[in-house]
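Annotated features in TrEMBL:
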TRANSMEM  12-32  transmembrane segment
DOMAIN    13-217  domain 'Cytochrome b561'
TRANSMEM  52-72  transmembrane segment
TRANSMEM  84-103  transmembrane segment
TRANSMEM  123-142  transmembrane segment
TRANSMEM  154-176  transmembrane segment
TRANSMEM  196-218  transmembrane segment
Amino acid sequence: MGLGVRAAPFTYVAHALAIAAAVMVLVWAIHFRGGLAIEATDKNLIFNVHPVLMLIGYVIIGSEAIMVYKVFPTLKHDTAKLIHLILHGIALVLGAVGIYFAFKNHNESGIANLYSLHSWLGIGTITLYGIQWIFGFVTFFFPGAAPNLRRSLLPWHILFGLFVYILALANAELGFLEKLTFLESSGLDKYGTEAFLVNFTALVVVLFGASVVVAAVAPARLEEPQGYAPIPEN
């Protein structure tokens, strides 16, 4: 891509930030919000599953799928492609489950669904994510398009994938903002520990996403070996 930097340092930063973000959202959900539950009389515990799955399951695992080619640049192409496909599939499933828990919380609490920009973007983003996954599976995995067609479609697959990923990041930020606004309007101290934790978690997610995007567009090596092609001839 002509960036003049290798992807590896950005993958290291991304992994460190991913661990930080995962720990922070778990501390928020478990320590400050009371824990996680599939069924509970306190419906907030059901909702708490939503941000945990959306961040760790959807955003972070999806990010690992994006970076797999740069984290393991010497891995056999077909192996890396399979890992990429599986991780994105896991992220898609966990994201769908995370959305389910938001609906479950709303339905059991008598709260309206799909009234906010966050919810609209959430449904739209995971729908695009699913379309992208199906397109990638059919085109690059099974049954697979002809090599020439795959080579011509690969840049569009990458571009659309990064577009959906950035949408997911933006919507995660909207989610943090929306939930914190609701909490603060209900009496949460705007300058308290929990408010700072949520805001700093959102900042870490921004930095994490930026690191992933740079890692995705930067080359694994500054000079690719002669004859290298992301889509094999056969």
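Glycine residues also receive a Cβ, built from the backbone N, Cα and C atoms like all the rest.
Counting residues 6+ beyond its ends, the transmembrane segment (154-176) has Cβ neighbours under 8 Å at 51, 54-55, 58-59, 62-63, 66, 117-118, 121-122, 124-125, 128-129, 132, 135-136, 139-140, 198-199, 201-202, 205-206, 209, 212-213, 216-217, 230-231 in the same chain.
Distant neighbours of the transmembrane segment (84-103): 46-47, 49-54, 56-59, 61-62, 64-66, 68-69, 113, 119, 122-123, 126, 129-130, 133, 136-137, 141; these residues of the same chain sit at least 6 beyond its ends, with a Cβ under 8 Å from one of its Cβ atoms.
Away from its own ends, the transmembrane segment (12-32) comes close to residues 48-49, 51-52, 55-56, 60, 63-64, 67, 193-194, 197-198, 200-201, 204-205, 207-208, 211-212, 215 of its chain (Cβ-Cβ under 8 Å, at least six residues beyond either end). Here the domain 'Cytochrome b561' (13-217) returns a mean pLDDT of 97 for the predicted model.
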